[in-house]
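Below is one structure; the comments refer to it alone.
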There are 2 protein chains.
Amino acid sequence: MNKFVLPEHPHCPHDHSQCVSDALSAAEQVCERAGARLTALRKRVLELVWQSHRPLGAYDLLETLAREDDRRPAPPTVYRALDFLQEQGLVHRIASLNAFIGCASPEHTHQGHFLICRNCRVAIELDQSLIHPAIAKVADQMDFSVEAETVEIAGLCSQCREAA
Amino acid sequence: MNKFVLPEHPHCPHDHSQCVSDALSAAEQVCERAGARLTALRKRVLELVWQSHRPLGAYDLLETLAREDDRRPAPPTVYRALDFLQEQGLVHRIASLNAFIGCASPEHTHQGHFLICRNCRVAIELDQSLIHPAIAKVADQMDFSVEAETVEIAGLCSQCREAA
DNA sequence: CGTAGAATTGTTATATAATAACAGTCATCG
DNA sequence: CGATGACTGTTATTATATAACAATTCTACG
């Protein structure tokens with residue numbers, strides 16, 4: 001991995017290879033603690049998911065894997081790795097896009113809440129403390145016990161809005 | 001339509017045929033105002049979507065249509081009707097379930113926010129004023145312009161939790 | 001009326017996303 | 001080592017959604 005690659009999207013310029021390596025070492029730790037095995041395949045899928053801050057479809061990942069390893073893996077290979085990564089809290093699924101994105105802070109398990117730009121397709125993970133309280137309050141009022149929160153806000157990020 | 005049917009789920013017993021007829025007459029008005037045509041097919045699909053307070057898949061609707069009208073419609077038939085109903089704000093799509101549900105208050109266009117019980121599968125539409133402010137605040141902070149809100153809270157409703 | 005144009009619906013084929021079921025391989029521990 | 005369980009490979013299939021074009025129906029206008 002090249003250290004000073006250009007970020008894969010024009011916004012929020014940053015050393016993206018740092019994101020990737022941070023994510024990978026965080027993942028090592030998380031799995032270590034959980035007694036789970038971060039195998040080569042799972043690690044590679046996580047790395048691919050992190051190649052940008054955009055949600056990626058399972059079949060996109062398959063394509064990439066196929067290109068680098070001449071024997072094309074079948075869908076279950078990628079889905080199983082994604083299932084594992086989701087269980088460990090390392091990846092979130094974006095239901096409204098049928099796509100997957102790396103979790104920004106896998107240390108403590110949490111729900112993913114996202115702002116998703118329809119133009120540049122970047123997904124920004126929100127701090128859970130921002131929206132969860134409102135949800136918890138409603139759920140409490142309705143005597144509903146929350147198990148999973150899907151919060152996906154689509155629109156335009158500031159850069160894309162300015163550009164338009 | 002029988003006036004005093006049993007509700008299709010055990011919770012919140014109510015005269016469900018009233019829900020359906022209310023939804024249909026509201027739909028008439030909404031389309032009237034919008035200058036849109038609520039054709040027989042669209043009306044029938046809306047009625048089917050309202051047959052319970054549970055989200056229904058497009059292929060479930062297709063099945064039902066097939067049973068009543070001996071020539072089986074093809075998927076685009078139902079998807080187009082659903083697209084229309086969504087445009088008019090009469091139906092919401094639940095991304096996390098790939099399913100559709102009638103909108104409880106189509107008079108004013110709005111986003112659908114839902115509590116969804118994983119046990120009885122009922123989806124309760126929340127008043128938008130409950131969670132939207134938190135979203136608007138975050139979006140404002142991030143200088144993000146919101147166009148669509150997907151808020152789907154999964155868990156157990158009070159009745160199902162008590163039962164367990 | 002009658003017909004042109006637009007909207008709606010029908011039909012066939014296909015794309016896209018996800019999983020079931022079973023076979024083979026690999027890691028680890030006694 | 002060898003048995004056990006975890007992981008991966010493989011084939012087939014299911015589930016969800018859309019593209020493209022043909023046929024029909026509605027509506028407005030002459």
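Each residue, glycine too, has its Cβ placed from N, Cα and C.
Automatic prediction, not curation, is the source of TrEMBL annotations.
DSSP classifies B:Cys117 (Zn(2+) binding site) as strand under the three-state reduction. If you look up TrEMBL, you'll see B:Cys117, B:Cys120, B:Cys157, B:Cys160 marked as Zn(2+) binding site.
Contact with chain A, taken as any Cβ pair under 8 Å, is found for the binding-site residues B:Cys157 out of B:Cys120, B:Cys157, B:Cys160. There are 24 other CB atoms within 10 A of the CB of B:Cys117 (Zn(2+) binding site), with all protein chains counted. Under the DSSP three-state reduction, B:Cys157 (Zn(2+) binding site) is assigned to coil, being neither helix nor strand. For the binding-site residues B:Cys120, B:Cys157, B:Cys160, the ranking by surrounding Cβ atoms (within 10 Å, all protein chains) places B:Cys157 first.
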